[in-house]
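To start, the structure under review is shown below, and the notes come after it.
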Amino acid sequence: MSDPEQINSNITSTNGSRYILTASIQIAFLCVVCFISLVENAFLFCVSHTFIHQWLSRRSKQQYLDTFRSTASSTNVPLRQPQKNERPKSESHTSHRCTRLLTCFGIADERELHNSVTTDDPCSGYSSKSVGTVTRYYFGNMCIANLLLMLLAVPFNLVASVGTNQDVLRWDGAAVSESTVQHKDNILLRYPMVISELTCTFVECVVSSLLMVSILSLVLLTADRLVAICTPLHYSQWMTRRRTVYCIVFTWMLTLSTFIIPHMCSLFQHLRNEESIIAPKTDIYRCFVLGQHDTEHDWKLAVVYFTFIFVLPLLFITVAYIKIYITVRNCLKQVSGCEVSLHSVPSGKSYSSLPNVNAENDVDSACPVTNSQSRDVEKIEHSRLARRRNVLQSRVAKSACIFVSSFFCLTAPFFTLILVGATVDDTINPTINSISDAVISDEHEIRTTWETTEIFSFISVWFLYINSFTTPALYSCYDGVLRRRIVTILSGLYRKRSMVM
């Protein structure tokens with residue numbers, strides 16, 4: 001059998017370029033994702049905050065007016081002043097309740113959105129302002145969780161991708177050298193970064209707790225939308241500002257207590273066993289997924305976390321959006337029926353347009369051309385409304401499907417790895433290691449096993465970082481309140497740029 005140092009040197013020389021390339025890709029990817037997520041979540045948090053949104057709106061409007069005045073003064077074009085006898089245009093008297101339901105779901109037309117903002121329907125049970133307030137609170141809470149995830153977790157990922165040149169201690173207290181059985185990480189430097197048990201616990205708590213806050217905020221947003229659309233008469237009583245703040249505080253307290261208390265007990269157990277919690281002994285790659293570095297103490301917490309933070313929210317959000325879709329579909333049918341009945345009234349008045357026609361006579365025989373034309377108009381109008389209803393229904397289904405599937409597809413690898421690591425990791429890894437010791441490829445097989453596990457762990461965390469800017473962007477696009485705020489700010493900036501050019 002060849003010398004272990006010669007085997008490790010051959011493997012390092014063969015795969016060194018591949019490891020450096022993958023590590024460079026990891027670092028570049030993390031930097032890009034971190035920048036996009038920080039900028040987007042900071043902007044959306046400012047949009048969700050009333051004071052900041054009003055300040056940005058006033059600033060963009062003032063900049064636009066200053067630019068327009070300077071342009072008008074340079075070209076000697078007088079500014080148009082509003083006349084005293086000018087009045088706002090009359091608004092359409094369609095069903096405001098159904099329009100508000102579509103506005104809450106973010107699928108109403110722009111004209112309907114404008115009409116829904118200008119007036120408040122007393123029969124709807126809530127105003128657009130109250131709906132927007134609760135939505136902005138929950139959405140801002142989710143943006144804060146994503147910002148903290150980027151600021152606290154991404155630096156450890158960058159450190160893990162860079163590595164170190166220092167020879168540090170590992171699990172058994174022996175020095176890491178090329179003669180020991182170790183796997184090669186995708187790092188730029190010579191050795192993987194090894195951190196203490198306390199730091200590893202901190203990283204694990206940060207990733208898991210902030211993901212939990214983000215998911216619970218999404219659940220609260222879904223519940224708010226469900227109440228606003230399905231039971232609008234009770235919305236102003238159930239969804240108050242005080243209850244919204246209480247829900248947000250309860251979310252953070254529940255998250256902190258769920259992770260801090262069990263991990264503190266685990267650290268005290270290590271201290272009781274006279275184990276050091278500040279000595280470097282844990283590979284940083286195994287600290288991002290819950291239960292990977294300490295399966296003996298964290299496997300129960302991992303199973304509970306998978307059940308209550310992934311499975312139950314997935315079921316609730318799926319059922320809620322199905323209920324919302326059914327409600328919106330029924331509402332669209334009512335709107336179509338109401339508009340068809342309104343369009344049929346003028347055609348009925350045209351029946352008695354001819355003089356000397358008795359109401360008891362046959363109207364169809366008296367005015368065959370007029371009635372046939374009115375029936376054709378009704379058919380065309382009915383088909384137009386049916387097509388519009390189908391388009392809106394498909395838009396509802398697509399928006400709900402895209403939003404729910406994108407969120408849970410990006411978080412599913414992380415939770416799957418948690419469940420697999422908590423239930424079968426202790427069974428699979430010793431089996432693989434025993435088989436590897438019996439086969440020819442000893443150290444290389446062990447390297448491959450640990451390397452594959454850590455690659456899956458890192459990729460699952462990547463998906464979480466992608467989800468941190470994908471979910472807020474999709475939700476802000478589909479939500480009517482947030483979308484109007486974003487359009488207001490961006491349109492002001494765009495007008496300013498176009499006026500300058």
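Using the three backbone atoms N, Cα and C, a Cβ is placed for every residue, glycine included.
Lifted from TrEMBL, the feature list:
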TRANSMEM  27-52  transmembrane segment
REGION    73-94  region 'Disordered'
COMPBIAS  83-94  compositional bias 'Basic and acidic residues'
DOMAIN    99-475  domain 'G-protein coupled receptors family 1 profile'
TRANSMEM  137-160  transmembrane segment
TRANSMEM  201-223  transmembrane segment
TRANSMEM  244-264  transmembrane segment
TRANSMEM  302-326  transmembrane segment
TRANSMEM  396-420  transmembrane segment
TRANSMEM  455-475  transmembrane segment
Need a quick answer: max count of Cβ pairs under 8 Å to the transmembrane segment (455-475), which of 27-52, 137-160, 201-223, 396-420 is it?
396-420
Between the stretches 137-160, 201-223, 244-264, which wins on the count of C-beta pairs under 8 angstroms to the transmembrane segment (27-52)?
137-160
Segment confidence, the domain 'G-protein coupled receptors family 1 profile' (99-475), expressed as mean pLDDT:
71
